[in-house]
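Read through the structure below, which is laid out as structure tokens, and then see the notes.
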Amino acid sequence: MESQSTVPSPPRLWSFSSVRLAIAISLALSLAIEGLMRSNINMAMVCMVNRTAILEEEFKLDNYFNNNSLKIEEKQILKEIQNECKNSFEKENKSVNYIGGDLIITKQQQSLIFTSFYLGGLIIILPGSFLCDWLGPTQLVFYGALLNVIGTFITPFIARQMKPMALAFVRFLMGCGQGILVPCVNVLIAHWFPLAEKSTAIAISTTGNQISVIIAMFLTAELCVLEFLGGWASAFYIYGILFLKIIFLLNYYFGVIGVIFCILWLLIVRDYPINSKRIKHAELCLIQEIDGTFNELKEQKLQRKVNPKEVPWRKILSSLVVWSTGMSSFSQNFMNVGIVVYLPTYYQNVLGMDLTANGLMSALPFVVQLVTKIWFAAVSDWIKRKELMTSTAVTKLFNLIGSFGAGACFVLLSFCDCSTPYLAIGLAITAVGLSSGFIPGYNTSVVCIAPRYTSSIASFSRLLGQIASVASPYMIGLIVVKGTKQEWQFAFWVMAFILISTGLLFQFFGSASIQEWATHHPTMPMSKENKDEEPLCECDQSLMEKTEKSENNDNNKNLIEKIGFSERNSGDG
């Protein structure tokens, strides 16, 4: 009888020697870059425009259209709210009386600039899925981040020297960069992490979203009042420089001194673990042992990319599991965009906050979310490792927390006003914190139900999420016209209804198991060049040799069991 083969223990996810951790951090930085470039203009717009000049222009238009009565009514309501809540958050601050910058951009033009980013992401989603399958996610993630960085650097010049439509076009292109980024990130997570680590990997990777919002909410307001680099323009320049600084720190960590981001990314990140020259054979075995059977190893060597023409779109679009993840994506994005765009306005209109307190309190929910998403994901993966619940049950449980928990908070928040400011702040923070349940919820489902078609499913979910990103500010803007408590109450009820209804849909149809229609996966053979670039690691050589020897042996299953690579023996990773 053959002796049992021994394999070195793979590094744990939180180990410095773990390539999986390096991949997760790289993805987080990419999302942070994209998030900064997306979010900084929301606060910077307050500093860019000259509000006095805009009000004068609007006053002229009001006189032309004989619509002064509406303006007077709106101003009177705002004055009453401010008088009623003036003592809620009184604080001396130089930014309170800041009247803005040197640009004249009307409210309609501002709305177009904000919306154009999400429109770009919406239009590029399906082409992005095709490109992700055809070219691979690694290159597209880089191009998406690079497009956002370039757009950020040229934003001050475009805003000052050209018309607002030109700035909207730049934002549209930057939105395209975001649209191709997110599905590719999901594909890389599906390829690089075993099932028991996927929730944690998603949580680590998406921390970039919270980090970017926190910085954009708080730091941009402070940069606006500085004269350095032209005031508000410094926010765009400094964020671009910050991006380069982060890359140099990463260069130091990986020992590749002086390499710019594009080369760094292409050197470190690979579409598949088997392509990486840095990964050790034990870690590669851990990933492959979860994601594929031994008989598939040889096929993985020769066949890599999914043929876009063979993606089973009919099966995908008729799957209630896929639709349940897509609708959860819709509700999460509707809530997130609504909070990011309008929470500062709610704090000002209903609670009467000054600018400094507003910036701090608007950033605080995302600080809490940064912590809760890691904690939720860790607990989720711990439950799965201990086999206390099935993967599907765990996914539904945390998605329930994210949808029903956040929805309940918004219902309660709708009854708050300036007489209960701290309760309102606490409910807003709790709602955003509980929404982290979506990470080990439907987000994990996206990368589990059809690993071979993750880019297609992620793109579909992202499509619905991007529709929500466009609809949320538009719909809330239609509801909240005068900024009264009653208008905000109805807006929060709409958010709660969307969260709870889509949460119910996921409870009925959601899953984290591979679907039957996803087990057949036509692929495209790799070119000879790519084959030559992928030397087999010791683990693959050993496994393939043993598999080949066992092909003529009726005892193939027993031999595989002797090798000792069962999911239970692989460790926590």
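Sequential numbering from 1, following the chain as shown.
Yeah, the Cβs are placed from backbone N, Cα and C, and that goes for glycine too.
As given in TrEMBL:
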COMPBIAS  543-554  compositional bias 'Basic and acidic residues'
DOMAIN    23-514  domain 'Major facilitator superfamily (MFS) profile'
REGION    523-573  region 'Disordered'
TRANSMEM  12-33  transmembrane segment
TRANSMEM  111-128  transmembrane segment
TRANSMEM  140-159  transmembrane segment
TRANSMEM  199-219  transmembrane segment
TRANSMEM  226-244  transmembrane segment
TRANSMEM  250-269  transmembrane segment
TRANSMEM  320-343  transmembrane segment
TRANSMEM  355-376  transmembrane segment
TRANSMEM  397-415  transmembrane segment
TRANSMEM  421-442  transmembrane segment
TRANSMEM  463-484  transmembrane segment
TRANSMEM  490-509  transmembrane segment
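Long-range contacts of the transmembrane segment (199-219) within the same chain: residues 13, 20-21, 24-25, 27-36, 38-40, 42-43, 185, 189, 192-193, 235, 239, 340, 344, 359-360, 362-363, 366-367, 369-370, 373-374, 376-378, 380-381, 384, 436, 439-440, 443-444, 447, each at least 6 residues beyond the stretch ends and with a Cβ under 8 Å from a Cβ of the stretch. Using a cut-off of 8 Å between Cβ atoms, the transmembrane segment (463-484) and the transmembrane segment (111-128) share at least three residue pairs, counting only pairs 6 or more apart in sequence.
Long-range Cβ contacts of the transmembrane segment (490-509) within its own chain (Cβ-Cβ under 8 Å, at least 6 residues beyond either end) map to 320-321, 323-325, 327-328, 330-331, 334-335, 338, 342, 396, 399-400, 402-404, 406-408, 410-411, 413-414, 441-442, 475-476, 479-480. Distant neighbours of the transmembrane segment (397-415): 328, 331-332, 335, 376, 380, 389, 424, 427-428, 430-432, 434-442, 445, 488-490, 492-493, 495-497, 499-500, 502-504, 506-507, 510; these residues of the same chain sit at least 6 beyond its ends, with a Cβ under 8 Å from one of its Cβ atoms.
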